[in-house]
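**Student:** Grabbed the feature section from TrEMBL, which reads as follows:
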- 245: active site, proton acceptor (ACT_SITE)
- 54, 153: NADP(+) binding site (BINDING)
- 183, 187, 221, 240, 345: substrate binding site (BINDING)
- 17-192: domain 'Glucose-6-phosphate dehydrogenase NAD-binding' (DOMAIN)
- 195-489: domain 'Glucose-6-phosphate dehydrogenase C-terminal' (DOMAIN)
Ligand code: NAP
């Protein structure tokens, strides 16, 4: 078995302060991720985590809360009682309302002897609190040159509100200190997409309009709004998923080879992709977008209610729980290649995958399936895998071909636990590596493309199309793609 410790860079001493230290994200993702890196000995000494929230808890009560919650999110095989106890010895709790000036003096007192250490403020609260928290941090002289701030999504509801938040944070932190997180970029398979594209010369000549017929990016969930109805109804799938995750994946897939893996080299190329997105205006919004909302249906045989029956959802809500978009890039490499983006809740399957469909052979001399092209499937969840489908002969007398996949089975090859996205991203923050985080101009360019879609839907005034829970979305989503002579992957070969 390979040793995960070998590849992990040693860390400097650090203090990590989680605003929202009792929240769902901290319990489900952030603390388990830090525990895993600790267990693998990446950070051994000279570090501290301070959970911050308004709840009145003693340190002991906080540790109990963390232990109770985190255990469920650390797979049994990875949970080691001794390592956990050693890990929690580094945990502290501070009761503090981040929006109020009182209480920061105590935070300052706890940090007073560690001004030369890496200091990370992870803002895992609603974005509406970010400005006030940053102001309070600065007012208490807590922002040192070694300080970084991590901002959780969603950063705003539109371009204007995103600008406001970024402007307020920029008053306190330099851009090099700001880590805007999109956890999809921390996934192992996204790293592998980068490795595949820029570590193998064979793909580069194929990676363009002359060879690629279409690209599909799907992020589908089987869950509904899960007790977050109030948040979700104000955002919807376009803001919650497309503006960040889907566009970030599109950027990694479509960007030109950067001159290096340095943060700005990569982010400059991603920005060019966002700026090349053809605007979706009112005259083409019906042809290029579909928005849907789930009604009652069944997931894995169990009946589930519709969106409008969920808690905290107004009965006349028009918020979309599904979006499909035909995106196009106006540049030399991708002109004429449709990028179909799709995301939804209460869909048939939970998955995140990127499909690159290559063009079929120009002249078919072999029977059956020969008109189908090769396909590269990059799956991010539930399992992370990369499959390249090639046409091969079916054994027997006849010359029949069908697609068979070359499967890069990472689990089998490397026999090592795959890091969770948050493990990589948290370590990158502490190590000061910005490559996998969004720069402010990227975020702005993404909103610049998203806002007119939202405005177009408002101007149309039509309700979202209904789809039964447990399906692949409204039928209009199929029309969006079949109109171009293409099909979603689940309707073709698997
Ligand atoms: P959550 O479960 O509602 O937790 C919010 C946390 O913030 C709690 O610890 C809460 O504790 C604390 N908090 C609220 N107001 C505060 C204040 N004035 N000062 C200090 N702490 C305060 O939310 P979450 O799901 O963890 O999400 C946190 C952020 O991450 C949100 O921006 C969310 O959109 C984003 N996010 C979450 C997920 C996820 O899977 N959960 C995924 C991606 C992004 P008190 O009420 O005790 O203060």
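The backbone N, Cα and C atoms fix where each Cβ goes, and this holds for glycine too.
Have a look at these and tell me how they're positioned relative to everything else.
**Tutor:** Other Cβ atoms within 10 Å of the Cβ of residue 245 (active site, proton acceptor), summed over all protein chains shown, number 21.
Around the Cβ of residue 153 (NADP(+) binding site), a 10 Å sphere holds 18 further Cβ atoms from the protein chains shown.
In the three-state DSSP assignment, the secondary structure recorded for residue 345 (substrate binding site) is coil. Cβ contacts within 10 Å of residue 345 (substrate binding site), excluding its own Cβ and spanning all protein chains shown: 24.
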**Student:** Filter the recorded positions 54, 153, 187, 221, 245 down to those with CB closer than 6 A to an atom of ligand 1; keep them in sequence order.
**Tutor:** 54, 153
**Student:** Among the binding-site residues 221, 240, which residue has its Cβ surrounded by the fewest other Cβ atoms within 10 Å?
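**Tutor:** Each of the binding-site residues 221, 240 was scored by Cβ atoms within 10 Å; lowest is 221.
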**Student:** Please report the three-state DSSP label of residue 183 (substrate binding site).
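**Tutor:** It is helical.
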**Student:** Looking at the binding-site residues 54, 183, 187, 221, whose Cα is closest in space to that of residue 245 (active site, proton acceptor)?
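**Tutor:** Going through 54, 183, 187, 221 one by one, the Cα closest to that of residue 245 (active site, proton acceptor) is 183.
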**Student:** Roughly how many Å lie between the Cα atoms of residue 54 (NADP(+) binding site) and residue 183 (substrate binding site), rounded to a whole value?
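**Tutor:** Cα-Cα distance, residue 54 (NADP(+) binding site) to residue 183 (substrate binding site): 26 Å.
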